[in-house]
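Here is the structure we will look at, set down as structure tokens.
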Amino acid sequence: MDILDILRAALQQALGPQAIVFALAAIGLNIHFGYTGLLNFGQAGFVAVGAYGLAVSVVTFGAPFWLGIVMSLVAPLVLAVILGVPTLRLRADYLAIVTIAAAEVLRFVFGSVEMKETFGGSNGLNGYARPFQQANPYSSGIDLGIISFGRNDLWSLTVGWILVALCCLLVWALMRSPWGRVLRSIREDEDAVRSLGKNVFAYKMQALALGGVIGGLGGMFLALKQASVVPSDYSTLMTFYAFAALLLGGAARVLGPVVGSVLFWFLIAGLGSFFSQSAGKGGWIPTVIMTDTQASVIRYIVLGLAIMLLMIFRPQGIFGDRREIAIDGR
Amino acid sequence: MRKRLYRVLVALIGALMVLLVGSPVAAQATETPPPDATAIQVTLQDEANKDAQGNPKPIPGVTLEVSKDGKKAGEGVTDDKGVATIVVEELGKYTVTLDEKTLPEGTVLDEDTKDKVTVTVRFQGPNNRAIFPIGVTAGEQSSFVKDFAQNLRAGIVFALVLCLAGLGFSLIFGTTGLSNFAHGEMLTFGAVMALSFDQIFKTGGLASVSVILAGIVAVVLGGLGGYVQDKVLWGPLRRRGTGLIAMMIISIGLAIFLRYLFQYFYGSSTHSLSQYNGQQREQHWYYLGLSLADREAIIVAIAIVTITAVCVWMAKSRMGKAMRAVSDNPALAASSGLRVDGVITNAWVIGGALTALSGVLYAMQLQVNSFMGMRILLVILAAVTLGGLGTIWGALVGSMVIGLVYELGPLFGVPTSIKEIGPLLIMIVILLVRPQGILGRKERLG
Amino acid sequence: MDADMTDQTNAENNAEKNADMSKTGPAGLVGVSTEPGSKKPDPIVVADNITRTFGGLTAVDVDHVEIQRGAITALIGPNGAGKTTFFNLLTGFDQPNSGSWSLEGKSLKGVAPYKVARLGMVRTFQLTKVLAKLTVIENMRLGATGQKGERFWTAPFKFLWGNQEDEVTKKADELLARFLLDKKREDFAGSLSGGQRKLLEMARALMVDPELVMLDEPMAGVNPALKQSLLGHVKSLRDEGRTVLFVEHDMDMVRDISDWVIVMAQGKIVAEGTPDSVMADQRVIDAYLGAHHDTDLSELDEEALEAEVVAEIEEEEAK
């Protein structure tokens, strides 16, 4: 067993592109769920339209790269309006079901054979990310001792973490303002807010759209980094992982989703590396108990258990303040 | 409430009658089980030339050659049932070539059918098929009716399976208010338990009834699973006053936990039960032009009997009434002296058992896979939402509609590769225009 | 006529007889007819033909009602009389099956609740709706209207709304001091007692600067010590020139502070008048005695729907 190896794998993921994608998705969810109390189970759908907004405009419709970027911001906005207008008047769990269903419908459509011309089917789309790669100012990668990133990764990470930082700054500025106060009040009791002359529906819509666009940024980043978009990336598991990251870091905290996402991938990759070293040839766990394939599954078992235990014993997350977080509401 | 129940019951019994009209006609397919070795199986039938029962005529005496990477790997000749089983050494991609010269006179390959077919041998065993459609192009124009009958059959079976799972979901949702995202895994649980015990019984010398026994064990374990879940997890949380949204997220954690636990033990590939599985050739029974495989007939019968029993039980028994009372208004039920906690435990046990049964039947119809429950969770949700969340009769009606839409949708323009979107879109629309479902009662505001 | 006489006497002795003044007040209701739906000299709210049914049950069926400006009007009635439903209808939280109503001559039919609040009709709730996980001062700040910082595009930039926030906070602090909540300023509202929550909700409603304050059972669940102070606050609202309409069960309170009383029973307005005249009215006594159901409307409705199931259970139990 090589502890340094485990640490390397864990850090590589915790600072890497996956953590950025899920940090952005979770920041969006934090606005929805943590601050406003909207139970959006379809964040994967927002991430997906962010990614496909870029890829489809450039690849399928031949739009210039900059227009693709604009579309990648507009698409989640449109999705938010389409979903929000009818559902934001419904009960919280209905919103959850509608959003999860909508996200799945989107994924099915993006992956369908019948719409292959537009969305590329299950192989997805590629060949749109060249301008992004060409803009890379670095001439070489970086070696940080334990971990190292190649030239392309370094460029992606720079852009990604800057995006995360900007989003955090925006959330911080918004949530200390009276606007944020209205959102938190809506989370507590919509009718009270209504009775004080605030247009609750409009605020919920703004929150849904903002959180969706930030999720869409995650999709745009993923699309740029991978240089391809594939529908299977955007399954409901993506939403639930983002939720797990948010709960881990603490909902209704500006840095909660970021810390949570980093921690989430640190643990997932660390556990993965630990068990893959422990099982199979040369590991200390006999193959009767755990084979190589089984070793790759065990981290997700732990993940499921962790979500349950967190929610039961520390719904405020690792850093949250229990008095302030409203998940244990109705 | 009672009137509505009777209406649903009458409708169900009516459906049962319709299905049973006409005596079953056994088709002629009794044959020796194929060898256990890994093989490619080819069945040649002339779709354009059918016998009295509407079965296509088999084409015997046709030579088929199997090759891999250009090298010949085996050869076979179809027997008088039109079946050739060609043993191959290993898994992988094979090309099956049909020798056109050996076709009987008057039988020709369709325009679109080539004499070569590529087969990927994924499974150990003889269930890898190569298909040469013969005589189908001529019937293209009039095939809608046939497709409709076929999809209708699949739809009815799927709807009944869905209905059992939906009933389970509704019982639990009705009494606890929990949207249980781990419900799909409760279905998978039934399927994998049936699979495990099937293997135990099969090797234990009970091969002829092993699936039935395993199914019974799985259902009992499903009920037990529900009981344990309530006692260990949900009951304590309820008493602690945990909110419904928090519980919903906990159920997501539980779903992920169970799903990968199943994958840990059963892997990510698919498994078949030893009997009644969709891969085996079997007798067909005819009911009003719908031909059901014996497996499907069994599924339909078990499901209808169970659903009827549950409905009667809900209507007649003390516990059933109590359960409905709690679903309708927990506070009122508690104040009229009901032990709400006991009722909820019962709902978990029965819900767990019904869902496990649904998993067993689904495993018979399709195959067993660690992710099967997750895949149909949203369809179950669509069914119960359509009927009205938490209402028993709503779950029945909703499942029937959604099951049929799921299978018939492709005939009406839903792309086949994504037929799940039919139910999901219906659910979205229903939630938007009538969130209480078609049978649910409008929720009071303020 | 007795009641009218009292009114006049009070009007003459205003300055000296504070206690009496609180009974009938200077609200210009002298000589107003005590028939249900009577005309008021200066109505702020006028409602016509309002009906609301739940299933087969008619919860509200009001032909005509006017609320006098600058007065404290009490809405009383037995349980299930439709008072809270009527409140919800007036404030836009529920939609009537028919009818029209207006505030200051502006029709409120189909107007969203938040717009109703902005027009100057602000309500509180029977079960208090304080925002438990916000601090008391944040609860108060939320009430202020026209905040630039509540607009999405200006919210991120503090220099655009900082000054206004200071003004809002100053106003909030004054109100908190007046309602004796200043010591709780930084506490989470969830930690307040039931009475303090009622006070906070009322204070928060005042942040909106309403013309008309609608209080839904302001005394429910409040301990006697706080009750007196709440009464004082309600009276002071009138002294500031606001109109108050409140739903109440506590007859002592009604007698104590209201200028005018409207009595509802089974969804209809059965009587109106000054507190004393109403309490002596035979129709009112009948309405209260006739109501043997000690249940709320919502329960009544549920009961109607669940009766069948319950009956079945009981039937089973009897065996």
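Any Cβ shown, glycine's included, is placed from N, Cα and C.
Annotated features in TrEMBL:
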- A:14-31: transmembrane segment (TRANSMEM)
- A:38-59: transmembrane segment (TRANSMEM)
- A:65-85: transmembrane segment (TRANSMEM)
- A:92-110: transmembrane segment (TRANSMEM)
- A:154-175: transmembrane segment (TRANSMEM)
- A:207-224: transmembrane segment (TRANSMEM)
- A:236-255: transmembrane segment (TRANSMEM)
- A:262-285: transmembrane segment (TRANSMEM)
- A:297-313: transmembrane segment (TRANSMEM)
Cβ contacts under 8 Å made by the transmembrane segment (A:207-224) with residues that lie 6+ beyond its boundaries: 17, 20-25, 27-32, 35-36, 38, 40, 43, 46-55, 69, 72-73, 75-77, 79-81, 83-84, 88, 128-129, 132, 156, 159-160, 163, 167, 174, 183, 233-234
Any contact, the transmembrane segment (A:38-59) to the transmembrane segment (A:236-255), with at least 3 Cβ pairs under 8 A: yes
Selection from A:14-31, A:92-110, A:154-175, A:262-285, A:297-313, the stretch that has most Cβ pairs under 8 A to the transmembrane segment (A:236-255): A:14-31
Tertiary contacts of the transmembrane segment (A:14-31) (same chain, 6+ residues out, Cβ under 8 Å): 40, 43-44, 46-47, 147, 149, 153, 156-157, 160-161, 163-164, 167-168, 171, 183, 207, 210-215, 217-219, 221-222, 225, 238-239, 241-243, 245-246, 249, 251-253, 256-258, 260-266, 269
Annotated stretches the transmembrane segment (A:262-285) and the transmembrane segment (A:297-313) touching (3 or more Cβ pairs under 8 Å): yes
Contacting positions for the transmembrane segment (A:297-313) when only residues 6+ beyond its ends and CB under 8 Å are counted: 240-241, 243-244, 247-248, 267-268, 271-272, 275, 290, 327
